Ligand code: SF4
């Protein structure tokens, strides 16, 4: 389960976030490219924009369900 006390610093505020457990597999940036991207050094993903419609929310939920290390959280 993702830890909201251990978020990647680059996340924008809001319900979805990536925590420091991310292994940089890029699955979420492929599943939800409108909301997740890699940090500049490409070590971890982060949420650069919170979902703004049902389609983006679904993509973010899919990314959260698919993350191999449960590093994506949704506090919404
Ligand atoms: S799917 Fe999970 S481990 Fe892979 S880049 Fe995204 S947050 Fe990191």
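Glycine is treated like the rest: Cβ placed from N, Cα and C.
Listed in TrEMBL:
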COMPBIAS  52-64  compositional bias 'Basic and acidic residues'
DOMAIN    14-41  domain '4Fe-4S ferredoxin-type'
REGION    52-76  region 'Disordered'
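On the 0 to 100 pLDDT scale, the model's mean across the domain '4Fe-4S ferredoxin-type' (14-41) is 98. Sorting the compositional bias 'Basic and acidic residues' (52-64) by DSSP state (H, G, I as helix; E, B as strand; all else coil) yields 11 helix, 0 strand, 2 coil.
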